[in-house]
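Here is what Swiss-Prot says about this protein:
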SIGNAL    1-26  signal peptide
REGION    43-62  region 'Disordered'
DOMAIN    51-100  domain 'WAP'
DISULFID  C58-C88  disulfide bond
DISULFID  C70-C92  disulfide bond
DISULFID  C75-C87  disulfide bond
DISULFID  C81-C96  disulfide bond
REGION    191-212  region 'Disordered'
Amino acid sequence: MGSCDRKALWALSFLLLLLGSSSVQGTWEAMLPVRLAEKSQAEEVAATGSRQPHADRCPPPPRTLPPGACQATRCQSDSECPRHRRCCYNGCAYACLEAVPPPPVLDWLVQPKPRWLGGNGWLLDGPEEVLQAEACSTTEDGAEPLLCPSGYECHILQPGDAAQGIPNHGRCVKQRRQAEGRVLRQKLHKEYPEGDSKYVAEPGKGQQRHFP
């Protein structure tokens with residue numbers, strides 16, 4: 001093969017190579033806008049995904065179609081609604097409705113502690129059963145006795161000695177119903193095991209009742 005034929009073959013190969021590269025580049029340039037459009041659409045969906053209607057803040061769907069429900073202004077996400085409204089289903093379409101407040105959360109750190117009544121029974125009591133730092137006395141020595149506030153009774157811890165002028169001393173505990181007296185006595189005996197008996201004063205009275 002002569003040198004002219006070789007040059008012609010090289011020129012033809014180079015021309016085909018240029019045509020192929022330009023075709024590939026043209027195809028990529030033609031596909032680039034489509035790729036960018038798909039990417040931007042995916043980013044938009046990801047960005048608006050968190051603004052979709054929150055079903056947990058929506059009122060339950062009505063059983064009957066409310067008047068004007070189908071004529072209400074429609075929405076697609078909560079961001080299209082005012083502050084206190086959510087994009088919810090109104091029975092016909094999604095529209096901005098009043099948001100439902102979240103359910104209450106029980107904080108068991110501050111909730112009343114359960115009290116065992118025996119068997120399978122439990123009773124929720126107040127946050128504090130003993131009035132903190134509240135001393136009391138039922139001894140009448142010419143002055144008014146140091147009684148407890150309403151709803152509490154004086155649980156005598158130290159009987160005192162009336163002959164020597166020593167008043168009794170106790171703490172204010174919350175009153176119980178008569179049916180709970182046995183449980184209360186057992187609990188107080190565990191908390192204050194001074195001796196085999198306890199003295200509990202009636203509220204507003206000077207005398208004491210002795211529980212064996």
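Glycine is no exception: its Cβ is also placed from the backbone N, Cα and C atoms.
Between the C-alpha atoms of C92 (disulfide bond) and C75 (disulfide bond), the distance comes to 12 Å.
Break the domain 'WAP' (51-100) down by DSSP state and the numbers are 6 helix, 11 strand, 33 coil. Most Cβ neighbours within 10 Å, among the disulfide-bonded residues C70, C92, C96: C96 holds that distinction in the structure as shown. The CA atom of C88 (disulfide bond) is located 6 Å away from the CA atom of C96 (disulfide bond). C96 (disulfide bond) has C87 as its nearest neighbour among the disulfide-bonded residues C58, C70, C75, C87, going by CA to CA distance. Each of the disulfide-bonded residues C75, C88 was scored by other CB atoms within 10 A of its CB, and the lowest score goes to C75. Rounded to a whole value, the Cα-Cα separation of C81 (disulfide bond) and C70 (disulfide bond) is 17 Å.
Rounded to a whole value, the Cα-Cα separation of C75 (disulfide bond) and C58 (disulfide bond) is 14 Å. C87 (disulfide bond) has a Cβ environment of 22 other Cβ atoms inside 10 Å. All protein chains considered, the CB of C81 (disulfide bond) has 19 other CB atoms within 10 Å. Residues belonging to the domain 'WAP' (51-100) score a mean pLDDT of 85 in the model. Long-range Cβ neighbours of C58 (disulfide bond) (same chain, at least 6 residues apart, Cβ-Cβ under 8 Å): R86, C88, Y89, L97, A99, V100.
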